[in-house]
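Here Swiss-Prot flags Glu30, Glu268, Asp273, Glu276 as Ca(2+) 1 binding site, drawing on similarity to another entry. The Ca(2+) 2 binding site annotation in Swiss-Prot covers Asp37, Asp279, Asp283. Positions annotated as disulfide bond by Swiss-Prot: Cys77-Cys86, Cys99-Cys115, Cys114-Cys125, Cys148-Cys193, Cys192-Cys201, Cys269-Cys277, Cys289-Cys303, Cys340-Cys385, Cys384-Cys393, Cys416-Cys462, Cys461-Cys472, Cys485-Cys501 (among others). What Swiss-Prot records for Lys229, Lys460, Lys588 is N6-succinyllysine. Per Swiss-Prot, phosphothreonine is recorded for Thr444, Thr446, Thr570, and the stated evidence type is similarity to another entry.
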Amino acid sequence: MKWVTFISLFFLFSSAYSRGLVRREAYKSEIAHRYNDLGEEHFRGLVLVAFSQYLQQCPFEDHVKLAKEVTEFAKACAAEESGANCDKSLHTLFGDKLCTVASLRDKYGDMADCCEKQEPDRNECFLAHKDDNPGFPPLVAPEPDALCAAFQDNEQLFLGKYLYEIARRHPYFYAPELLYYAQQYKGVFAECCQAADKAACLGPKIEALREKVLLSSAKERFKCASLQKFGDRAFKAWSVARLSQRFPKADFAEISKVVTDLTKVHKECCHGDLLECADDRADLAKYMCENQDSISTKLKECCDKPVLEKSQCLAEVERDELPGDLPSLAADFVEDKEVCKNYQEAKDVFLGTFLYEYARRHPEYSVSLLLRLAKEYEATLEKCCATDDPPTCYAKVLDEFKPLVDEPQNLVKTNCELFEKLGEYGFQNALLVRYTKKAPQVSTPTLVEVSRKLGKVGTKCCKKPESERMSCAEDFLSVVLNRLCVLHEKTPVSERVTKCCSESLVNRRPCFSGLEVDETYVPKEFNAETFTFHADLCTLPEAEKQVKKQTALVELLKHKPKATDEQLKTVMGDFGAFVEKCCAAENKEGCFSEEGPKLVAAAQAALV
């Protein structure tokens, strides 16, 4: 391999990109430039999302007013770039506008202190106050007729409310993708409000969209956490692996260019710079479509779409076919006598190339596994290149990957077998027991939320072909475990969880999988109130009923952490029978009052 050519290409792209950035920042008015690039509709939507993500407690009407004022100001600057304040940075303009909110101190407490800081510290301060768990009640949709009337009465306001409600609940949602989902939402109502049975049309379509939106939010939160906690290098490595799997015909220089651009886009969105993020994402889509011949044969269909659909299509595009003439990996990375020289001259480029070559050959591997293999390869070279005979030292490095590959394969196999046996709800309960014993200090709502999401991996991945299972499962687990890490970081209670979350991004899942029962945990005192139920349980939707039962299961385990699976099975079986009996009774509340204490006493006796 011609490393001089390779490295020259790498730096050529880096410098060309940097020059592009300098040109970008030379505009007289940044806000006018973004307004012109994005157009009024997308600009206003992004401003509404930005304010909703920063000021999560403010009413919708306040945000509409703020977004309107900023959009009008941008429009004026677009007409006359030398107008008053048009030359201010976007952070300054947005921060100044946030600090005009009269209720800032009352609603957000010490967040108001951010306004005493100067940029960029003020923006960093606002970012630090974003709340991943704002505690808003679940959204309850009105009747279909009322929804359709609201949609038809004022479509712009209706879609604005959608953006607001999602953004305030998900303060790191990928903003340009949220605009895309709002467009999908609009399409659902445009279709279903004409249907004879509006409810039958809306129900499944809204639920399918809701699932996509929740997954999109979790994925972007994972990306933002990767950037915030582990830096650009970790995010770029993740992106190289993912894009190399998806675009195996593209060369490493092309993948590197796209990864560099993609990293910038996500850094901007994670940093609250939504206008820049959306604009740069559109530019990246344009670049990919202009260069599709050197990236992938699968892009053409995406490139004929309008900008929002185009970017989304490119993000979800199917994997290209593998080139048929790929040489053995060993030739460049084991057998070449210059391995140590090439590694030491440009470590990140050499390791990036290894990751690229390995990933494009293994579309069946999870990104996390590919990164662990690259890390192992790096550690081997660090060790071997310091010896007298490096080639002998690293000769078997590719064979030594086997245990790292076997571990997630066996984990997925075992858990999919358990899922097939228990079904989703039973599988969730098994994970609840597992994770409560690993980290009993974590709050019960968090353990229930995370275990329910982990349990969905079975439904999502176990039905897939063997070649897709591991990639689906482990990458989904990485996203869900990130939710645990984000919530735990806010109120840390377990050193073991902190360790797994903070030591290594790629080893997070193996770290959690490897945790044993926490023997240092002091059991909670028994509280009968926790196990007291009322007739309202009977009318809850099935999912909420499951959460109530799972909450009781976690609390039982926190009281009796050494309870065996058989004991827990008995107690939860009794609990299910108790709920069924009382919900069928004529006097439901009377049944719960009378039978509840008996159940509690029986459970305590069974768990001795």
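Just so you know, glycine gets a Cβ as well, placed from its N, Cα and C.
The candidate set comprises the disulfide-bonded residues Cys86, Cys148, Cys277, Cys416. Of these, Cys277 has the most other Cβ atoms within 10 Å. Annotation for the disulfide-bonded residues Cys303, Cys340, Cys501: lowest Cβ count within 10 Å of the residue's own Cβ, Cys303.
Here the disulfide-bonded residues are Cys192, Cys193, Cys269, Cys462, and the one ringed by the most other CB atoms within 10 angstroms is Cys269. Each of the disulfide-bonded residues Cys99, Cys114, Cys115, Cys125, Cys472 was scored by the other Cβ atoms within 10 Å of its Cβ; the lowest score goes to Cys99. All protein chains considered, the CB of Asp37 (Ca(2+) 2 binding site) has 17 other CB atoms within 10 Å. In this structure, Cys385 (disulfide bond) belongs to neither helix nor strand by DSSP; it is coil. Using a 10 Å radius centred on the Cβ of Glu30 (Ca(2+) 1 binding site) and all shown protein chains, the other Cβ atoms total 23. For the pair Cys472 (disulfide bond) and Cys125 (disulfide bond), the C-alpha distance works out to 36 angstrom. In the structure shown, the C-beta of Cys77 has more C-beta neighbours within 10 angstroms than that of any other entry among the disulfide-bonded residues Cys77, Cys393, Cys461, Cys485.
Note: the CA-CA distance between Cys416 (disulfide bond) and Cys461 (disulfide bond) rounds to 8 Å. Each of Arg34, Leu38, Glu276, Ala278, Asp280, Arg281, Ala282 belongs to the same chain as Asp37, Asp279, Asp283, is absent from that list, and has a C-beta within 8 angstroms of the C-beta centroid marking the Ca(2+) 2 site.
Of all the recorded positions listed here (Cys115, Lys229, Glu276), Glu276 has the Cα closest to the Cα of Asp37 (Ca(2+) 2 binding site). Cys485 (disulfide bond) sits 32 Å from Thr570 (phosphothreonine), taking the CA atoms of both as reference points.
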